[in-house]
Amino acid sequence: MQSITPPLIAVIGSDGSGKSTVCEHLITVVEKYGAAERVHLGKQAGNVGRAVTKLPLMGKSLHKTIERNQVKTAKKLPGPVPALVITAFVARRLLRFRHMLACRRRGLIVLTDRYPQDQIPGAYDGTVFPPNVEGGRFVSWLASQERKAFHWMASHKPDLVIKLNVDLEVACARKPDHKRESLARKIAITPQLTFGGAQLVDIDANQPLEQVLVDAEKAITDFMTARGYH
């Protein structure tokens with residue numbers, strides 16, 4: 001018997017694992033089972049600095065401020081200006097998440113590129129503000145709002161999470177413009193994420209793309225069949 005609630009399927013992995021390419025293929029697979037929507041739920045934290053740089057008058061100055069605060073975040077919260085920029089991106093992500101929930105309420109099968117998590121603060125797809133550090137009252141309040149937002153989003157557990165696991169050398173070769181240290185952290189974190197006990201499928205993303213797509217498609221097919229879709 002087909003499940004009443006449309007499935008929520010997430011694809012996660014480090015940069016260089018091929019998430020976007022896999023999602024582009026999988027949405028065509030998912031659509032065979034019914035009306036579906038692909039939604040990007042990534043925080044896109046790397047875009048914060050690039051977006052700020054484009055702002056008129058103060059863009060470059062703010063970008064430098066954010067970079068300085070990123071180095072200091074282990075010891076204290078950022079200042080008000082970068083904190084507001086971070087909060088604006090959290091609000092943007094919340095809008096996308098609410099759109100995803102609306103799609104489910106409309107009866108659509110949802111495939112997400114990335115998924116928010118509150119399991120590991122500071123990790124990818126998690127909170128930006130560091131926990132349990134000193135800061136001004138206003139920025140501390142913004143940090144608490146971010147934690148609440150991520151806790152709420154993470155409380156909506158996906159039905160299936162496809163993890164694309166990739167080695168550091170492969171990721172670096174695919175993303176030569178990314179910092180090696182950053183990629184290494186993301187790769188190390190991926191196996192630790194459990195998404196509240198969601199069903200997980202691990203895929204070796206070091207393989208040629210064609211085989212990765214075959215494995216991902218099989219994961220979808222097996223899952224949808226078990227949910228009563230044919």
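Every residue gets a Cβ built from N, Cα and C, even glycine.
Keep in mind that this is a model prediction, so the values were computed, not measured.
Taken from Swiss-Prot, the feature ATP binding site applies to GLY13, SER14, ASP15, GLY16, SER17, GLY18, LYS19, SER20, supported by sequence analysis.
The Cβ centroid of GLY13, SER14, ASP15, GLY16, SER17, GLY18, LYS19, SER20 marks the ATP site; residues of that chain outside this set whose Cβ lies within 8 Å of it are LEU164, VAL166, ALA171, ARG174, ALA205, given in sequence order. Just so you know, the Cβ of GLY13 (ATP binding site) picks up 23 other Cβ atoms within 10 Å once every protein chain is counted. Sequence-distant neighbours of LYS19 (ATP binding site): residues of the same chain at least 6 apart with a C-beta under 8 Å from its C-beta are VAL11, ILE12, GLY13, ASP113, ARG114, LEU164. Neighbour count (other Cβ atoms within 10 Å of the Cβ, all protein chains): 21 for ASP15 (ATP binding site).
Look at LYS19 (ATP binding site): DSSP puts it in a helix. The number of other Cβ atoms within 10 Å of the Cβ belonging to SER14 (ATP binding site), over all protein chains shown, comes to 29.
There are 25 other Cβ atoms within 10 Å of the Cβ belonging to GLY18 (ATP binding site). Counting other CB atoms no more than 10 Å from each candidate's CB, the binding-site residues SER17, SER20 peak at SER17. DSSP assigns GLY13 (ATP binding site) to a strand in the three-state reduction.
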